[in-house]
Amino acid sequence: MQGPLYIGFDLSTQQLKALVVNSDLKVVYVSKFDFDADSRGFPIKKGVITNEAEHEVYAPVALWLQALDGVLEGLKKQGLDFARVKGISGAGQQHGSVYWGQDAERLLKELDSGKSLEDQLSGAFSHPYSPNWQDSSTQKECDEFDAFLGGADKLANATGSKAHHRFTGPQILRFQRKYPEVYKKTSRISLVSSFLASLFLGHIAPLDTSDVCGMNLWNIKQGAYDEKLLQLCAGPSGVEDLKRKLGAVPEDGGINLGQIDRYYIERYGFSSDCTIIPATGDNPATILALPLRPSDAMVSLGTSTTFLMSTPNYMPDPATHFFNHPTTAGLYMFMLCYKNGGLAREHIRDAINDKLGMAGDKDPWANFDKITLETAPMGQKKDSDPMKMGLFFPRPEIVPNLRAGQWRFDYNPADGSLHETNGGWNKPADEARAIVESQFLSLRLRSRGLTASPGQGMPAQPRRVYLVGGGSKNKAIAKVAGEILGGSDGVYKLEIGDNACALGAAYKAVWALERKDGQTFEDLIGQRWREEDFIEKIADGYQKGVFEKYGAALEGFEKMELQVLKQEGETR
């Protein structure tokens, strides 16, 4: 038998994936179960069931049981020696809740290795479905959550986020009102991450220190459930009952929850000393896959844009999210989510290609990139010209809270004057650089105060900027990212593909079981992580003069957002 192995699971909306790594963090096996393609007997599409009438989106929990046996069978077929697996952790789609019935603990304890999980545990749930993050049925409950402590900013201050449809607190509130009898018969409530850990333990696992922050119920500064918010959420059964349902939350993200249940020992050949480590949320797991060091920034440039940062500063705002860091006490995960990302850039790319008569060109981004690189920062040919800036939202945006639309402005940093205009813009050419600048200025604006100076008299900025997703292949976008966000070490493209969450979970298991006393995740994984396998430097970061020019543009950008919000009569 060779060295120890560790498994990271990723239970996402459309699949369950398992990634097996060794102590050197090398991936040795991968097994996937695609819900639509591989499951039997569930009326799902893209992993979920949709009830349009009530804006509900949910998944059958039994589907996930079928998937877990399926993924483990896949690893068995590939020849994994399960006896070498020393630790297991996981990542779960955030915010989703699982409602266990009164027989849950007994059924988990009495699993028969000759039968499937689905056959034995389908009766373990008081409610057969788990709400998905795409669910938007809780507007009424969100309004109540936002108002309960005296406003969205107060809720964000306490729990790290204002109320969101997908967050577990508003979902539980709606659930206990819609199904009061089922709620009474619910013995425990798990998040998707702790549900996964529970299956391996053979009893219900506690919630994870980071994932619990996606509920609108956990007071981050106090490190405890917020009594007032529990009161709002609990309904007639009362606060103590809800506390029992949720259970205690251990502070250590690497705590040993216990050994694997004998079901897996007998059915697959796991060793009896295989340890279960808390599973975390998919976004927290992503920052572990890097590993993201304090003040590093990661920008996911997909259809939407997600910005993740590890920071020691807790500066909540209704437009952003803060979570406890999944492994490192004293750090937080900062997150921003935008609806308009790649789609908005593609609109302008297509308009440029149409105007140039090159719609069928083999590299659709070639013209967009060329124009972006040839255009001066903020469209200023000379310093006395006004700065061109705009907002480009083909779909309604959440940061800031605005309808779909386009707004263009000229800003004069010398006197602070701002004018909405369509004149002086050469459309769509001027919009290529303007949209990339607009997206990155918004990130810089909202992450102000979270970074420190890297030294040598440099202004506060990230150490590194990592780009992932489709947009990371684009050299022009990378160059502008470095000019606006800085990055004393540069801008890097990260190639983890779609394995980031499972990889982060596997690394978490390695750290939890191989750390020395007091050794942080960043230290242990940082020593073993071979960055040349995953990252490539694609652009310079901080450039003196350019970074400062964008600092001046930031004031105009903030004014522009506020003016458009005022015009549209919407508040953030």
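Note that Cβ sites are derived from N, Cα and C of the backbone, with glycine treated the same way.
Residues or ranges marked as substrate binding site by Swiss-Prot on the basis of similarity to another entry: His95, Arg166, Asp282, Asn283. Mapped onto three states, the DSSP output places Asp282 (substrate binding site) in helix.
For Gly471 (ATP binding site), the same-chain residues that are 6 or more apart in sequence and have a Cβ closer than 8 Å to its Cβ are Leu301, Gly302, Gly341, Gly342, Arg345, Ile477. The feature ATP binding site is assigned by Swiss-Prot to Trp365, Gly470, Gly471, Asn474.
The most crowded of the binding-site residues listed here (Arg166, Trp365, Gly470, Asn474) is Asn474, judged by how many other CB atoms sit within 10 Å of its own CB. The Cα atom of His95 (substrate binding site) lies nearest to that of Gly470, taking the binding-site residues Trp365, Gly470, Asn474 as the candidates. Here the CA atom of Asn474 (ATP binding site) lies 23 Å from the CA atom of Asn283 (substrate binding site).
Those residues noted as binding ATP (Trp365, Gly470, Gly471, Asn474) have their most widely separated CA atoms at a distance of 12 Å. Excluding His95, Arg166, Asp282, Asn283, which define the substrate site, the same chain contributes Gln93, Gln94, Gly96, Trp133, Gly214, Gly281 within 8 Å (Cβ to the Cβ centroid), listed in sequence order. The substrate-binding residues named in the record, His95, Arg166, Asp282, Asn283, extend over a maximum Cα to Cα distance of 14 Å. Taking only the Cα positions, the spacing between Trp365 (ATP binding site) and Arg166 (substrate binding site) is 34 angstrom.
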